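**Student:** The following block contains the structure, expressed as structure tokens.
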């Protein structure tokens, strides 16, 4: 999600450029942007991170060094949602949940590397991928979560999707399995007033559709997070949003991570011919207490032990 709502200022400018008939709408949207900035805080705090090697059994993460072996290298690219901004613990971060899930169900040693940066747009993701290729070899698997900041920056829908496709294609050309969580639905953020929220929703849906087509064409696997999770955000906002009412909460991240994990697991196991060992509860899977249904409020989240880095010596 973007660090601050700039949707109205950009959108108002776009509307104003189409003619004086939109002057009233422009003034309204600018006013709403001013209000949104007073209730949506900037993202100053660094999200928790626990990069390293994960193994079956839910034990503490092992800090990776050159002498530490691993079977599958997983990289996370994208914006604040990819970093897990708003999470209180590393065990709530999407990358950690996905890495633990892969370790549990494949029995492989999963190395997690997070390249995502808070506030990134599709342009930023291209930079993340560029930097990765400079530093070292590409991963075996990549997860990208991107789109919201392209909406707030009023980046073009087509160019944003094409930049994402270029990143996916580069990773796929080097043998990586790529799963993309497409643009979230900004229309669920009640801190953004109407009609600004409706405009954000419309552009977000358009971008998600364009991303889906572009990612498929580039050989990646798109996961429509906005479409799949928006109903839950609308039904349970007090549970799905973090304290800033803007970024996802730990249960929301868990749902997103589960969707991405399933897509990545299927694609990765097909590529590497890895047998799957189903577990009763995947790391990060939201579980319901008796009396709750799948569509009612989730009461708790089953989590493994905290991801504490273990020195490997040397």
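Using N, Cα and C of the backbone, Cβ positions are placed for all residues, glycine too.
Pulled these features from Swiss-Prot for this protein:
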type	residues	note
SIGNAL	1-21	signal peptide
ACT_SITE	80	active site, nucleophile
SITE	119	site 'Transition state stabilizer'
SITE	149	site 'Transition state stabilizer'
ACT_SITE	244	active site, proton donor
ACT_SITE	247	active site, proton acceptor
REGION	276-314	region 'Disordered'
COMPBIAS	293-306	compositional bias 'Basic residues'
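Describe the structural context of each listed feature in the structure shown, including burial, neighbouring residues and relevant distances.
**Tutor:** Just so you know, the Cβ of residue 149 (site 'Transition state stabilizer') picks up 26 other Cβ atoms within 10 Å once every protein chain is counted. For the recorded site, residue 149 (site 'Transition state stabilizer'), the DSSP three-state label reads helix.
With a 10 A radius on its CB, residue 244 (active site, proton donor) counts 15 other CB atoms from all the protein chains.
Cβ neighbour count for residue 247 (active site, proton acceptor): 27 (other Cβ atoms within 10 Å of its Cβ, all protein chains included).
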**Student:** Using C-alpha atoms only, work out the spacing between residue 149 (site 'Transition state stabilizer') and residue 244 (active site, proton donor) and round it to an integer in Å.
**Tutor:** 17
**Student:** Would you mind sorting out which of 80, 244, 247 (the active-site residues) have a C-alpha within 10 A of the one on residue 119 (site 'Transition state stabilizer')?
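**Tutor:** Those close enough are 80.
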**Student:** State the Cα to Cα distance, in Å, between residue 247 (active site, proton acceptor) and residue 80 (active site, nucleophile), rounded to an integer.
**Tutor:** 8
